[in-house]
Amino acid sequence: MSEKKINLLDLDRKAMRALFADLGEKPFRADQLMKWIYHFGVSDFEEMTNINKVLRQKLAARCEIVAPEISSFQKSTDGTIKFAIHVGEGQEVETVYIPEDDRATLCVSSQVGCALECTFCSTAQQGFNRNLTVSEIVGQIWRVSHFLGFAKDTGDRPITNVVMMGMGEPLLNLANVIPAMDIMLDDFGFSLSKRRVTLSTSGVVPALDKLGDALDVALAVSIHAPNDELRDILVPVNKKYPLQEFLAGIRRYIAKSNANRGRVTVEYVMLDHINDSTEQAHELAKLMEDTPCKVNLIPFNPYPGSPYGRSSNSRIDRFSKVLMEYGLTVIVRKTRGDDIDAACGQLAGDIRDRTKRLAKKRMQENQISVTMN
């Protein structure tokens with residue numbers, strides 16, 4: 001059996017340089033290779049013209065550059081594109097491209113499914129399957145960039161911002177998310193500014209501290225409720241890491257972060273008559289009193305079977321005005337891609353059904369195996 005090749009998309013620059021040292025090559029050769037991969041979208045070693053033929057042959061013998069494939073895509077009337085990305089074994093994740101006048105953002109997944117069971121989120125209904133590898137995370141950016149078109153002559157890339165807000169909780173896959181984000185930030189990787197890479201978390205506090213020790217990126221925090229009683233229901237991880245513990249972790253992170261410019265983005269989904277009253281707005285403002293932040297109010301995006309409804313515009317407006325009375329910066333997020341189920345909280349769709357079928361098949365196979373043994 002031939003030895004499995006190393007997928008170079010799994011390696012950040014430190015790991016790439018270690019590989020090249022093992023090949024008897026100087027570190028700058030690793031940097032050259034990364035530039036070909038991430039600046040120009042090249043996956044064929046023979047196209048890497050400033051790398052000598054002998055090294056190209058060594059690389060081809062031991063390594064490969066393989067990104068997950070696009071299974072299908074849907075384009076919204078507002079230009080948003082939702083991609084189903086095949087990650088092997090019948091599994092898919094969703095990645096969303098959001099074009100705007102001054103930027104082009106890619107919403108990237110970190111897991112197949114999610115284990116946190118937030119009750120307003122479609123992805124939670126899928127359940128958790130597995131963590132994505134580094135190559136499957138950065139490969140979403142690489143593959144969508146190919147779809148949109150790398151400018152191979154200039155190295156200009158079509159994606160300016162990345163948000164880790166797709167399927168999964170990034171902090172539960174820290175071992176792969178950190179090197180993946182390192183590649184996003186690296187000058188020889190996707191070369192994105194740390195203010196243009198955002199990680200969103202529901203509050204896995206110990207992992208948030210580890211992230212702060214490893215990387216500096218923009219942070220968005222999923223609060224969604226002004227007190228522990230309601231948040232225990234909406235975001236069950238709150239039972240393990242309640243609000244005050246989460247907020248303390250947030251303050252520790254932004255204290256050592258330059259990317260956040262001294263404040264964090266609070267995400268708050270607006271659920272009709274659940275968390276959107278005037279009293280709850282006052283409660284949220286007081287909760288965030290000691291945590292510098294701007295608040296992003298997210299109109300809920302319904303999905304089939306959801307127990308919640310979207311807050312009316314008038315309730316969102318009242319809620320927003322109360323927060324602003326406390327001096328908070330408030331943004332009401334414009335819903336993008338909801339006609340193709342690509343909006344916040346809607347990711348899963350047909351993928352949920354396919355994943356459940358796969359899990360059922362695996363369970364049946366395991367039962368057969370146990371019976372035979």
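FYI, residue positions are counted from 1 along the chain as it appears here.
Using N, Cα and C of the backbone, Cβ positions are placed for all residues, glycine too.
What Swiss-Prot says about this protein:
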type     : residues                                               : note
ACT_SITE : Glu94                                                  : active site, proton acceptor
DOMAIN   : 100-339                                                : domain 'Radical SAM core'
DISULFID : Cys107-Cys344                                          : disulfide bond
BINDING  : Cys114, Cys118, Cys121                                 : [4Fe-4S] cluster binding site
BINDING  : Gly168, Glu169, Ser200, Ser222, Ile223, His224, Asn301 : S-adenosyl-L-methionine binding site
ACT_SITE : Cys344                                                 : active site, S-methylcysteine intermediate
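Note: the CA-CA distance between Cys121 ([4Fe-4S] cluster binding site) and Glu169 (S-adenosyl-L-methionine binding site) rounds to 12 Å. Around Cys114 ([4Fe-4S] cluster binding site), the same-chain residues at least 6 positions away in sequence with a Cβ under 8 Å from its Cβ are Cys121, Thr123, Ala124, Gln126, Gly127, Phe128, Met167, Gly168, Glu169. When Cβ atoms from all protein chains are considered, those within 10 Å of Glu94 (active site, proton acceptor) total 25, not counting its own. Taking the domain 'Radical SAM core' (100-339) as a whole, pLDDT averages 94 in the prediction.
For the recorded positions Cys107, Cys118, Cys121, Ile223, counting C-beta atoms within 10 A of each C-beta gives the highest total at Ile223. When secondary structure is read from DSSP and collapsed to three states, Cys121 ([4Fe-4S] cluster binding site) falls in the coil class. Put simply, Cys107 is the one of the recorded positions Glu94, Cys107, Cys118 whose Cα lies nearest to the Cα of Ser200 (S-adenosyl-L-methionine binding site).
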